[in-house]
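A.B. asks: Relevant sequence annotations retrieved from TrEMBL are reproduced here:
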- 191-283: domain 'Wax synthase' (DOMAIN)
- 6-26: transmembrane segment (TRANSMEM)
- 38-55: transmembrane segment (TRANSMEM)
- 61-81: transmembrane segment (TRANSMEM)
- 93-110: transmembrane segment (TRANSMEM)
- 130-147: transmembrane segment (TRANSMEM)
- 159-181: transmembrane segment (TRANSMEM)
- 238-259: transmembrane segment (TRANSMEM)
- 309-332: transmembrane segment (TRANSMEM)
Amino acid sequence: MIEGEVNNFIMVWMVAAASFCYSHAVGKLVTNGGKARLVALFPAIVLLFLLPLRLTSAHLGAPSTFLLGWLSTFKLLLFAFHKGPLSSNPPLSLPYFLILASFPITFQHLKDPNPQTIPDPHNNKTRQRYRLGLMAILSACLLPLYGEKQDSFYPVFTLLLISLHMYVSMELVFGLASAAVTKLLHIKLDPHFDKPYLSTSLQDFWGRRWNIMVNRVLHPTVYDPVVRVSSHVVGRKWAPLPAVMATFAVSGLMHELVFYSFKREKPNSLERWEPSWDSLCFFLIHGACLTMEIGVKKKLGGRWRVPKAVSLPLTVAFVVSTGLWLFVPALARCGAFVKGKRESLAVVDYVRTLALT
């Protein structure tokens, strides 16, 4: 089981790398973005969207769906029109193109395809090590929640701890990946999170602090086109409002796709998709609330601001409560937590067996 999934994982990412090499070559041959480049890239986009169907595990399949089926396909769509992180002048070299296409990272100086090393002060490196170490300890301590004994806790308290574990795990994974890339390629990467627990509004949370890379992909893919179309209908001032709703709707649908990858058990099978729609509802609610927030700000014109001492706890409470209400239970129903713990225990048993033989 484990060996077969790992072999499929290696195969999937080798094919993905070949698709990115093809896309890089297309970018050199078809220099102008537009329909011609889109037609040339279309096979690679479809292939990347379907490749994660080869995987069924929570640890390998779901992240591959997120990276390849969502972010990479969106990046190539932008690249087809000479936009997004894969487009630069002069063009990115193949190694940097592969890294940017594969992972949710951006360079701080994207205009330079070969950024120079930006040295970090020693105290910053030490602080980062302590932070990653703390994240690793917290993640390990919270892992036992995903099991049979979780019913002994209060349900809301359990969901709150699971939400904390999700955030800590993402910070840990992205932090380790960023440190590794910085060490190997001598480049400085943009952060994925910017202290989301200090958000003073939904606009601050979604626009500047939470999962920044996804925001940078969705903005030119969904938000900007809808703004251009809406400006002809409702005017430039109010065009961002429907664009925000459209962006959150697309994000919700793509999260439902990731949830579907958790439920799948057989490789290459298109099992019946029974979405709970909780994830979509979560993003639609946040999109509607953010739309109202932006509308009120435009109407008031900055004449009145909510004090930070009030806006910060209200924002965090709203994000956490809606997440506990809709997002985390949807993950639990698709078996993500139980499946993830089962796989972790299987890996431990597999390594122990190899050590004893």
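Cβ coordinates come from backbone N, Cα and C, glycine included.
Automated prediction, rather than curation, is the source of TrEMBL annotations.
Mind running through what each feature is packed against?
C.D. replies: Mean pLDDT, taken over the domain 'Wax synthase' (191-283), works out to 87 on the 0 to 100 scale.
The list of residues near the transmembrane segment (38-55) in space but at least 6 beyond its ends in sequence, with Cβ under 8 angstroms from a Cβ of it, reads 5, 8-9, 11-12, 15-16, 19-20, 22-23, 26, 29-30, 61, 64-65, 68-69, 72-73, 76-77, 79-81, 261, 264, 267-270.
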